[in-house]
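A.B. asks: Quick one: the structure is below, and I'll ask about it shortly.
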């Protein structure tokens, strides 16, 4: 058994702290049940000295958001020469930047929505494109800060320039693609099943509450799609995973407009949530793998120089 002592890194100081704690706790429980010695580490600025003291065989990265999935913690682990799960420094940093990741993925022939990167203050002055469109913080996850500008809104959005905006000034603005929402996970070099997401009717879109509250969304896996579209989602997910340079696991999100036949890649997640309501465990189950199988596979796959 590789990595008998596993340090599960969780928590941290990002806006996704609670998600990370839930993911990390669930993964730590599984690893302990499978015979690993587990150290549960709530990450802070002293993480390097903590890891030097613990001397784990493997670091399981259950962090989400800045520092956890943007190449920072990966760089610390490379410096300490501790094998770790998920993607490496370069792929993590690139995937976290939604705009630049989209440029790279589009370069290998994956269809993406028209978009631009700009200052939130410029967005607040005038529409950057014809509504409807979506505004997202450039480097956040879990749908934090997402603003949907509807078709008939004449004035540009003001909530991106007010004091309530707690994210970076740079945002990505992309054309809103109506239709069905899908996600597909990649494990190693294999695209797993495609899952369709139905947010509860109380939510405008698949936002934070829809993702993490019990009953907030319905996951249909495998998705009911024509074989051609299903295979295209899998192909595009694997292409994005490889173009970004991901290792271990990733999950790509899509929109499909049945009226026009348009299938669009939205973004990639190099640290898919592993909470009880997360998509990745559901996809793994549909593919014939248990939650525990996936978590143990990640530990066995851990390495440096990723």
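Here, residue 1 is simply the first one shown, and the rest follow in order.
Just so you know, glycine gets a Cβ as well, placed from its N, Cα and C.
Keep in mind that this is a model prediction, so the values were computed, not measured.
Here's the feature list from Swiss-Prot:
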DOMAIN    102-300  domain 'ATP-grasp'
BINDING   128-183  ATP binding site
BINDING   253, 267  Mg(2+) 1 binding site
BINDING   267, 269  Mg(2+) 2 binding site
A.B. asks: Looking at the binding-site residues 135, 149, 156, 170, 177, 269, which ones sit with their CA no more than 10 Å from the CA of residue 253 (Mg(2+) 1 binding site)?
C.D. replies: 269
A.B. asks: C-alpha of residue 177 (ATP binding site) to C-alpha of residue 267 (Mg(2+) 1 binding site): distance in Å?
C.D. replies: 13
A.B. asks: Based on Cα distances to residue 267 (Mg(2+) 1 binding site), point out the closest of the binding-site residues 128, 135, 170.
C.D. replies: 135
A.B. asks: Sorry to bug you, but what's the C-alpha spacing from residue 269 (Mg(2+) 2 binding site) to residue 149 (ATP binding site), rounded to the closest Å?
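C.D. replies: A Cα-Cα distance of 24 Å.
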A.B. asks: In angstrom units, rounded to an integer, how far apart are the Cα atoms of residue 156 (ATP binding site) and residue 269 (Mg(2+) 2 binding site)?
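C.D. replies: If we compare the Cα positions of residue 156 (ATP binding site) and residue 269 (Mg(2+) 2 binding site), the gap is 29 Å.
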A.B. asks: About how far apart, in whole Å, are the alpha carbons (Cα) of residue 269 (Mg(2+) 2 binding site) and residue 135 (ATP binding site)?
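C.D. replies: One finds 18 Å between the Cα atoms of these residues.
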A.B. asks: Name, in the order they occur in the sequence, the residues of the same chain whose CB lies under 8 A from the CB of residue 170 (ATP binding site) and which sit 6 or more residues away.
C.D. replies: 117, 118, 119, 120, 138
A.B. asks: So of 253, 267, which of the binding-site residues has the fewest other Cβ atoms within 10 Å around its own Cβ?
C.D. replies: 253
A.B. asks: Tell me, what is the mean pLDDT of the domain 'ATP-grasp' (102-300)?
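C.D. replies: For the domain 'ATP-grasp' (102-300), the model's average pLDDT rounds to 87.
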A.B. asks: Sequence gap of 6 or more, Cβ distance under 8 Å: name the residues on the same chain that satisfy this around residue 128 (ATP binding site), in order along the sequence.
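C.D. replies: In sequence order, the residues whose Cβ lies under 8 Å from that of residue 128 (ATP binding site) (at least 6 apart) are 116, 118, 122, 173.
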A.B. asks: So if I measure Cβ to Cβ from residue 135 (ATP binding site) and keep only same-chain residues at least 6 apart in sequence, which ones fall under 8 Å?
C.D. replies: 120, 123, 145, 146, 147, 148, 149, 157, 160, 171, 172, 173
